[in-house]
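Features as listed in TrEMBL:
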BINDING   33, 34, 35, 52, 79, 100, 107  S-adenosyl-L-methionine binding site
REGION    270-292  region 'Disordered'
């Protein structure tokens, strides 16, 4: 399977409250369509909208969903534009919204996308062509910004040293191999395994403005939820999870949201064994409160 293997699928189906089988549900990160297919199979009448900014993901989802496409609309766009997308689809409110922020195996495996330190390719990392690639962003940044990116988005322990090294070599960095080699030169060997993925993660988040997009999209998602509508968010990065936790907590505090669980939901040991990419997943779910 090339595209992102769905994580916590049973939990998603449960928290989305599909038993009522009516209304419109929105998967804001449809990926290869795994979660959406599971939700479609649990319903007979409900309608679904799937959003992804990767055209290859949309194509895969369409192929995977197959016979259920009569109840599904797939949109290539950024979930940051959720309210506009729903308006264009003539949808006023939704019964449920899902975000699964995992990067697909497909994106990591194809070298030309530039996401992974395990495959040599151009230093891109941009999800869509309209976003400047990493190699361009590096040419227009400062050492201070790079250090901040590594610290904030990747919790990189030697962020100052790495930020300075990347800034100094930025115009010579053309490929993922160039970046990997630089990180390995600056980092003690025993820390390579932990440092490499966090550096690449931090830079990917930066290039695609992912955390700002999450704030905007969560706000829009909550505003478009109908009363008793459900919102489910699966994050894989501590910074992203903090944003979700903080925003959900604020909605609970003002009486707008009811949490559907006491503690954050994590994959079982069995699921992690079957799908190691699920290891860092955290699911949070809530229901929009009814106001008199």
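Each Cβ is built from the backbone N, Cα and C atoms, and glycine gets one as well.
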Secondary structure content, the region 'Disordered' (270-292) (per DSSP, counts of residues): 8 helix, 7 strand, 8 coil
Coarse DSSP state, helix versus strand versus coil, of residue 34 (S-adenosyl-L-methionine binding site): helix
Same-chain residues at least 6 apart in sequence whose Cβ lies under 8 Å from residue 79 (S-adenosyl-L-methionine binding site): 28, 29, 51, 53, 99, 213, 217
Secondary structure of residue 52 (S-adenosyl-L-methionine binding site) (DSSP, helix/strand/coil): strand
CB contacts for residue 100 (S-adenosyl-L-methionine binding site) [other CB atoms within 10 A, all chains]: 24
Tertiary neighbours of residue 35 (S-adenosyl-L-methionine binding site) (same chain, Cβ under 8 Å, six or more apart): 6, 9, 12, 27, 98, 100
